[in-house]
Amino acid sequence: LHTKTLLLLGLSSALIGGWLGLNQTQTRKILAASSIAHMGWLISAIAINPPTATLTLMIYVVTTITVFSHMGATETKTTHDIGTSWAHSPALVLMTMLALVSLGGLPPTTGFMPKWLILKDMLTANFTPIALTLLMASLPSLFFYLRLMYISTLTTPPTTTTTEYKWRLKTHLQKNLAPMMTLATLLLPMHHYLYNTT
């Protein structure tokens, strides 16, 4: 396909994914909308620079596996469940919130790197209007990631310990969750090496 066609397809995917996730309360639907939005970034990277697309896909897969592993470990299905999982495992919830910020693409997390490189490549190729629109299209996605973070860390529902006694239950963590959390959040300083090896 033509480069501009792929860029417009990627832009529409980022817009649709951001809008779909805004009004959701189930975490599976939020992450599905996130996948649609990230597909837009990936399609845009394929159109401009395929090695950047490979790096984007690798980082997205690692970060998404991290978030899904947390959701499975704490049995989180809705945004209310995220609020009550703080009593379950505070350290795990805190690291998951960093992974969500990484999915949103905020610096200094790993998820900032692909968006930064894609925008840099688009600006270098003189696709400035599409790059700025793609950047603005990521704001709704960032909003629902920050909303999940706010619900889980800054609000504590009053029913946390009285209904299900979550403080008595042990969270069964997967052994690969800690390295995945590290990869999902702390790879930004190595972006130069990662970018040059893809």
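Keep in mind that glycine also has a Cβ here, set from the backbone N, Cα and C atoms.
Those TrEMBL annotations? Automatic predictions, nothing curated.
The domain 'NADH:quinone oxidoreductase/Mrp antiporter transmembrane' annotation in TrEMBL covers 5-136.
Sequence annotations record features per position, and here TrEMBL assigns transmembrane segment to 6-23 (among others). Taking Cβ pairs closer than 8 Å, the transmembrane segment (6-23) reaches residues 29-30, 32-44, 46-48, 122, 127, 130, 133-134, 137-141, 143-144 in its own chain, all 6 or more past its ends.
Residues or ranges marked as transmembrane segment by TrEMBL: 30-48 (among others). Below 8 angstroms of C-beta separation, residues 1, 3, 6-7, 9-18, 20-21, 24, 56-57, 60, 64, 67-68, 71, 79, 103, 114-115, 117-118, 121-122, 125, 127, 130, 134, 137-138, 140-141, 144-145, 148 of the same chain, each at least six residues beyond the ends of the transmembrane segment (30-48), sit close to that stretch.
Annotated transmembrane segment per TrEMBL: 54-73 (among others), in sequence order.
The transmembrane segment annotation in TrEMBL covers 85-106 (among others).
If you look at the transmembrane segment (126-146), the same-chain residues 6 or more away from its ends with a CB under 8 A from one of its CBs are 4, 7-8, 10-11, 14-15, 17-19, 21-22, 24, 30, 33-34, 37, 40-41, 44, 48, 100-101, 103-106, 115, 118-119. Residues or ranges marked as transmembrane segment in TrEMBL: 126-146 (among others).
TrEMBL lists 142-190 with the feature domain 'NADH dehydrogenase subunit 2 C-terminal'.
Mapped onto DSSP classes, the domain 'NADH:quinone oxidoreductase/Mrp antiporter transmembrane' (5-136) shows 107 helix, 2 strand, 23 coil.
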